[in-house]
Amino acid sequence: MARTFPLERCRNIGIIAHIDAGKTTTTERILFYTGKTYRLGSVDEGTTVTDWMVQERERGITIVSAAVTAEWKDYQINLIDTPGHIDFTAEVQRSLRVLDGGVVVFDATQGVEPQSETVWRQADRYNVPRICFINKMDRVGASYEYSIESIRTRLGANPIPMQIPIGAESNFSGVVDLLTMQAITWRDELGREPVYGEIPAELRDEAEERRAILVERIAELDDDLTVKFLEGEEITVEELKAALRRATLANKATPVFCGSSLKNKGVQPVLDAIIDYLPSPLDIPPVRGTDPNSGEEITRPASDDAPLSALVFKIVTDPYVGRLAYFRVYSGKVTSNTMVYNPGKGRKERIGRLLRMYADRREDVEEIPAGDIGAVLGLKESFTGDTLCDPQAPILLESIQFPEPVISVAIEPKTTADQDKMADALRKLSEEDPTFRVRTDENTGQTIISGMGELHLDVLVDRMLREFRVQANVGRPRVSYRETITREVPKVEYRYVKQTGGKGMYGHVVFSIEPVERGNGVQFESKVVGGAVPQEFVPAVQKGVMEAAESGVLAGYPVTDVKVTLIDGSYHEVDSNEMSFKMAAIFAFKEGIQRGSPVLLEPIMKVEVVVPEEYLGDVLGQLNARRGEIQGMEVRPGNAQAVRAMVPLAEMFGYATELRSATQGRGVFSMEFDHYAPVSATVAQKILNS
Ligand SMILES: Nc1nc2c(ncn2[C@@H]2O[C@H](COP(=O)(O)OP(=O)(O)OP(=O)(O)O)[C@@H](O)[C@H]2O)c(=O)[nH]1
C-alpha cells in the first residue's frame, strides 16, 4: 500500500502550554479548520473532542495526550496532545519524546508562566524545534510585546515576531503578516476563511519598521543571507522562509505568532507555520538504539524500506475495545496481522487491529508507515517506553525517563466485593501511567498509591470509580519520602545458608555500596571475576537488591541514589540456586544501608506565587514559615510580584487556603517537583515519630 503523504509532508506536532493558556481551545480550532470535526467544541461547555474523558470535561483540563491526525494543505499533521498541568508530567515527557516539533501557546496577559518554563526546558533537552503562539490577544491586559520579551528573558530563547496584532483587547481583529506584508482578517464569526488584504494605514509605518528588523534578524541567522543583506540585495520571501526554517530546526530561533483562539482569529497562520517551520520526520536525526544481542549502537533511517523500529508512548485502557497502545514508527512500518518483537521484554507480539485516530472517528488501517503515529489493539506485554521492532533485525530504542512519584495516599476498598476489582483497576491504571505506583505497606498491609501530586491522585481515584466502578476510601495525602546513605560502605557481605533435611540453600555475596548523585535511583553492577558468583545467579542478586531497595531501614521508604557493586561471593555445587542468592542480596543490602549512615530525603518543590504588591510581605512570611528558600522576585504586569521559592512538599499542604485568605483570593501559585534533599535531624525525628 502506498503511503498517502510523502514523509516530507508529515508533521508530528505537540501543542504545549501552561494550564489555561488555551491549548485545548487552540487544538479544537485546528481540528475544525482542518475539516475533521463537524462542529466547534467549547472547553467551557465541556464538549471538546480531544478532552474525551469525563473527568477532563468536568475539570476542564487536558489529562491524556491523544494523538489525532489532521490534514492541512496536502500535509498530514499528527497532533499529539500534551497536558499543561505539571502533575501530569509523565504525559509531557512521553509526548516530547515522540513529537518532532512543538507549538507553544502562551496567554498574552501572562507571558511565560512557570510551567511553560518547565516544559520549554524539557523541550530543549529533547531538541524539539518550536514556534510560539501568543493566544488570548482579545483579553484585557493582553500584551504581545510583554509576552515576547518574557520569552526572551525567562526562556533565554530567540523569539522572532512574524506578525503584529491589528487592534488590541476587545478590538483585536486580525494580524499583519510581516513576511508578506499583508493584513489577515477573518470573514465570519467562526473564522473559517482568512482574508488577505492591505495593511491598515495607521499600522503601515510600524509594519515597515518591524519588517526591516525581521529581515535583518533572519539574515543574521544565515551566512548567505548575511552577505546579501550587507550588500543591500533584495531577499525574497522564499529565501527568508527557508533560512528561518533552518534556524528553527536547529533551535536557533523561534518564530512567534499571535491571535485569539476563542475568537477564532489567528489559527490558520499557525497551521501554515507548522508546515513552513517545523520538522518532518526526515529533518530529525535517524533514531538511535542498541542491538540487544551485541550491545552495539545502531541507527535506523526514517524510511519505509528499513527494518521496523517503533516506540510505544502511551497505553489507554478503553472499557469497550480493550488496551490501546499508541506508538510512533521511526523506521519501516507496522502492518496488521504480523508479528513484531519487543526486545526489552524478550517477547514477540502479534499486531492485531491497527487504528488511526481522527478528531471524530477511528479508522482501521492496514499499516502505519515510517514517521507516522498509530494505535494498536491487543498487545499483551508492551507498555509505555517499550520498543517494537522487526524480529529479524532487532533494535532497542532508549526508553522514556519518568520522574519518581512524590506524594502518596492509603486507599482501601469500601466493601470486600470491591477488593479484587480494586486490585485489577489499580493494575490497569498503573500500566497506563508510569508515574502512578501501587504498593502494599509492609507494616500495615495497606495499599498505598503514589503519584506526582494531589490532583494526579484525585483523577486516578475518580477514574477507578467511574471506569472500573470501584468504591474506595482514600486517606490523607502524605509525602513520599526516600531513604539514602551518606557514606560509602566498601565491604558488606551475607552468607545465606539453610540446611533443611534434603537439598539445602547456599548463597554468598559481597557488596560495596556507595551514595550516588540525586536522581540516579538504585544502580547495580557486577564486578565478580573467576565465577565466584556464577553468571547465572547474578540476575537473582540484582533482583534481590531491587526488591530490598523498595523499603529502607529507617521508616520503610524506598531507597534511592545508591550504587551496589557485587565484588565477590561464593557458591555451593549442589545447594546454590537463584533463591538463595536473592536472599543473600536482600540481607547484605539491608545491612549495607544500615551501615552507610542512612538519611531521609524529602521532595522539594519549586513554587511560584504571584500576588499584588501589597501582599508581598505576608507571602514572604508564609513561605519562610514553611521552610521555604526564596530564590528570586520579579515584577509582573498590573502591579504584581512573582516570588520564586523552593519549599518542602511536606509544608505545602493547605497552602492554597492560606494564600487565598492572606491575599483575599488575589494570589495564585503553582508548584512542581524539583528535587529530593536530605531532611534535618529534627524534622526527620518528627517524620519518624509520626
Ligand atoms: N479571552 C480568551 N479566552 C480564551 C482564549 N483561548 C482560550 N480561552 C479560555 O481560556 C480557558 C482555558 O482554555 P483551554 O483551551 O482549556 O486551555 P488549556 O491550556 O487547554 O488548559 P488545560 O487543558 O487545562 O491545560 C477557557 O475558559 C477558554 O475559553 C482566547 O483566545 N481568548
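Cβ coordinates come from backbone N, Cα and C, glycine included.
Summarising the annotation, TrEMBL assigns GTP binding site to 17-24, 81-85, 135-138. Sequence annotations record features per position, and here TrEMBL assigns coiled coil to 204-250. Per TrEMBL, the feature domain 'Tr-type G' maps to 8-282.
When the binding-site residues Ala17, Asp20 are compared by the number of other CB atoms within 10 angstroms of each CB, Asp20 has the fewest. Under DSSP, Ala17 (GTP binding site) is assigned to a strand (E or B) in the three-state scheme. For the binding-site residues given as Lys23, Thr82, Met137, the lowest number of other CB atoms within 10 Å of the residue's CB is seen at Thr82. For the domain 'Tr-type G' (8-282), the predicted model reports an average pLDDT of 85.
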